[in-house]
Amino acid sequence: MPINYYIITAIALFCIGITGVLTRRNAIIIFMCIEIMLNAVNLLLVAFSKMFHMAYLANPAKAVTSGIDGQLFVFFIMVVAAAEVSVGLAIIVMMYRNTHSVDVNFLNRLKN
Amino acid sequence: MNLIYLVPLFPLVGFLLNGLCRNYLNKSLVGIIGSGSILASFIVSLIVFFDVKAGHTGVVSYFEFINLGKFAIPFAFQVDQLSSLFLLIITGVGFLIHLYSTSYMHEEESQHFARYFAYLNLFVFSMLLLVLGANYVIMFIGWEGVGLCSYLLIGYWFKSIPYTNAANKAFIMNRIGDLGFLIAIFWIISKVGSVNYTDVFSSLNKFSTTDLVVITLLLFVGATGKSAQIPLYTWLPDAMAGPTPVSALIHAATMVTAGIYMIARSNILYSHAHVTMHIVAVIGLATAVFAATIALKQNDIKKVLAYSTVSQLGYMFLALGVGAYTGAVFHVMTHAFFKALLFLGSGSVIHAMGGEQDIRKMGGLGKYMPVTHITFLIGCLAIAGIPGFSGFFSKDEILAHTFSESPVMYCIGLFGALLTAFYMFRLYATTFKGSFRGTHDQEHHLHESPAAITIPLIILAVLAFAGGYVGIPEFIKPDAHALDNFLSPIFAESKKVLGNHPLEHNTEWMLTGISTLLIVIVVVTAWSKFAKKADVEDPQGFGKVLANKWYIDELYDAIIVKPVYGLGRFCNNVLEKLVDWIINGVGRSVQYGSRQLRLLQSGQVGSYVLFMIIGIVLFFVMQFFFKK
């Protein structure tokens, strides 16, 4: 499959994520949108990694990289995302306990 | 010579004791400390003087005052003929005036009495420092010190606004001169890299002629401030606001001669700068005659003496200008005697008159106060230059030197001397002769002053008579000029540069004869004119111009004081407002801007994210455009 499809899919996912973050007020949905954006990036990384790896297999002498380091990054991002989710969900839980709402616009005490 | 540090130390200790303990000491103790410290310093000065006379001169160094790498200013004293002579004048006349003050100032409260003596002692200390310093910086310290004390003592009665104004005037005028002195010191440092007299005078080859002329002129500017010469003389008559003994000590006998001391000390620099010599001579002569004309029409007893002081200082500068350094120092000495005598005598008169200073209200005081009368007469005879009295010898020496330099200047100088004789005998006759013109109460109150006042008068009268015999001129008795012989090592170098052109003895006899004859005629005229009828009417015509001091104060007011005030007002009203507006404007606009920017911080998470995204997009766009 050509690389373009992966790129377009990743951009679409990323834009969906951004739109979600910008437009929704529910903290959990914003969180999910962030995850979508992260996964769009992951998808892109894996796709490019695969592309470079195929090129490496075809002609190892001319290749600049073996193409596995991109896949390694994906694991890092997943780990970071997992840590982030645990912290983020904890914050949302605390927020709900204090305000009985998960609306982010409700938290504007630092304004001005 | 090892004792030299004691000379300024005693007055300093006296100052500290009187100044710090002024609330606890009683008046007699203050008087004893004040006068005693000066007496002690006088005795040490005498020892030093005879030591120097025996040939022990040199520089005594105590510690490093300033040390900057290669450039060092030592705290050192110059012990030589010139400084030891000045030490004697300062401490000797100073002691008599301190003694006089114990009685004259007795009506002051004890705290202020102690303050007075503290200032006076501080003055003597500063003056001794000025004279003893072995470099220009130590001299400058003393120079500023005496200026400060002069300020403090003119404004001694600080509750009176005109007196404090007079003090301010003196201080500010002196500051103008001091600036010249200071620049001259820096100039010397930049050329020689040292301020020690010995270094400066021995490295004349490091100066170009222009340097020498400018340095000497700047030093002379300093001297015109301190020694009240045209154009900076107007403070001295106003300085008479201070107590009379202060006028005698500071504004007649010692401080105002600091300028002459400075030039006499730097004589070798001046001898190489002919232009400056001419300027000094012309300014001195102009001041001598100019001040004498003003003195003709003054009616305040102290003002007459003040202008007379300015005039006599003019003669000293004339002497310096024509290269008669010995004559200048000689006149400093005799002037210290007779002018201190005259001021103290006028103080005695003012004391008897209950504070009245206007000679139009006096008259006939001779029969009430015989001692003051006779001593004052001796002072007048001395200043007028009647043969036999000290003023005759010193003034004659100056005029003779002037004649050998330029006969025209001699004639003008002689004219000034005649004016001097005239106004002094106008003063004398109006005050002591004729009939009393004051109120009945004042006449009842008239009395001879107590011993503490008359004894200094008598001693000074003896000195004013005999002081001249240390300088008998060559043509009267060969090789009898003791002062010239004594001071010759100081001025030897200058003599070589300037050359020596003595007058024919016949010429000198003739000049002396003419001047003496004219002076006697003037004295007799003035005496007979004012003894019968005092000069009590308001002057008309030209006399009015003289009585108003040629309107010089008004002129200075119009061309300097008013414009400076105007500039000050302009700065205050316009410039300051403008600067304020700019500074406040910057502050206000920052405040306004930040108040607006604060609104961006809305607290909405969504808007923050939006800004973030806009920012990232901008980065991408910029990278797209500015890559490479």
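Here, residue 1 is simply the first one shown, and the rest follow in order.
The backbone N, Cα and C atoms fix where each Cβ goes, and this holds for glycine too.
The residues of the domain 'NADH-Ubiquinone oxidoreductase (complex I) chain 5 N-terminal' (B:65-117), classed with DSSP into helix (H, G, I), strand (E, B) and coil, number 32 helix, 13 strand, 8 coil. Per TrEMBL, the feature domain 'NADH-Ubiquinone oxidoreductase (complex I) chain 5 N-terminal' maps to B:65-117.
If you look up TrEMBL, you'll see B:135-420 marked as domain 'NADH:quinone oxidoreductase/Mrp antiporter transmembrane'.
Per TrEMBL, the feature transmembrane segment maps to B:31-52 (among others).
TrEMBL lists B:83-101 (among others) with the feature transmembrane segment. Within its own chain, the transmembrane segment (B:83-101) is flanked in space by residues 7, 31, 34-35, 38-39, 41-42, 45-46, 48-49, 52-53, 77, 116-117, 120, 124, 127-128, 131-132, 243, 245, 248-249, 253-254, 261, 329, 332-333, 336-337, 340, 344, 347, 452-453, 455-457, 459-460, 483, 486-487, which lie at least six positions past its ends and keep a Cβ under 8 Å from the stretch.
Sequence annotations record features per position, and here TrEMBL assigns transmembrane segment to B:113-132 (among others). Sequence-distant contacts of the transmembrane segment (B:113-132) (same chain, at least 6 residues past either end, Cβ-Cβ under 8 Å): 4, 7-8, 11-12, 14-15, 18-19, 21-23, 25, 27, 30-31, 33-34, 37-38, 41, 77-79, 83, 86-87, 90-91, 94, 97-98, 101, 105-106, 138-139, 141-146, 148-150, 152-153, 156, 243, 245-246, 249-250, 254-255, 258, 261.
Residues annotated as transmembrane segment in TrEMBL: B:209-225 (among others). Within the chain, the transmembrane segment (B:209-225) has long-range Cβ neighbours (under 8 A, six or more residues past its boundaries) at 143, 173-184, 187-188, 191, 231-233, 258-260, 262-263, 266, 269-270, 272-273, 275-276, 279-280, 283, 317.
According to TrEMBL, the feature transmembrane segment maps to B:246-264 (among others). Same-chain residues lying 6+ beyond the ends of the transmembrane segment (B:246-264) with a Cβ under 8 Å from its Cβ atoms: 82, 86, 89-90, 93-94, 97, 100, 120, 123, 127, 130-131, 139, 142-143, 146, 149-150, 153-154, 156, 181, 219-220, 222-229, 236, 239-240, 270, 280, 302, 305-306, 309, 313, 316-317, 320, 325, 328-329, 332, 335-336, 339-340, 342-344, 347, 490-491.
Look at TrEMBL and you will find B:276-297 (among others) tagged as transmembrane segment.
Residues annotated as transmembrane segment in TrEMBL: B:332-353 (among others). With a threshold of 8 Å between CB atoms, the same-chain residues lying at least 6 positions outside the transmembrane segment (B:332-353) that come near it are 85-86, 89, 93, 96-97, 100, 104, 244-245, 247-249, 252-254, 257, 260-261, 301-302, 305, 308-309, 312, 316, 361-362, 365, 368-369, 372, 375-376, 378-380, 382-383, 389-391, 393-394, 431, 438, 442, 445-449, 453-454, 456-457, 460-461, 463-464, 467-468, 470, 483.
Per TrEMBL, transmembrane segment is recorded for B:374-395 (among others). Non-local neighbours of the transmembrane segment (B:374-395) in the same chain are 308, 312, 315, 327, 330-331, 333-335, 337-339, 341-342, 345-346, 349, 417, 420-421, 424-425, 427-428, 431-432, 454, 457-458, 460-461, 463-469, 471-473, 512, 515-516, 519-520, 523; each lies 6+ residues outside the stretch with a CB under 8 Å from one of its CB atoms.
If you look up TrEMBL, you'll see B:407-429 (among others) marked as transmembrane segment.
For the transmembrane segment (B:450-472), same-chain residues at least 6 beyond its ends with a Cβ under 8 Å from one of its own Cβ atoms are 93, 96-97, 99-100, 102-104, 326, 330, 333-334, 337-338, 340-341, 344-345, 347-348, 351, 371-372, 374-375, 378-379, 382, 388-394, 397, 480-484. Annotated transmembrane segment per TrEMBL: B:450-472 (among others), in sequence order.
If you look up TrEMBL, you'll see B:509-527 (among others) marked as transmembrane segment. Beyond the ends of the transmembrane segment (B:509-527), by six or more residues, the same chain brings 384-387, 392, 396, 399-400, 403, 410, 414, 417-418, 421-426, 428-429, 433, 475, 503 to within a C-beta distance below 8 angstroms of the stretch.
Same-chain residues lying 6+ beyond the ends of the transmembrane segment (B:605-626) with a Cβ under 8 Å from its Cβ atoms: none. The feature transmembrane segment is assigned by TrEMBL to B:605-626 (among others).
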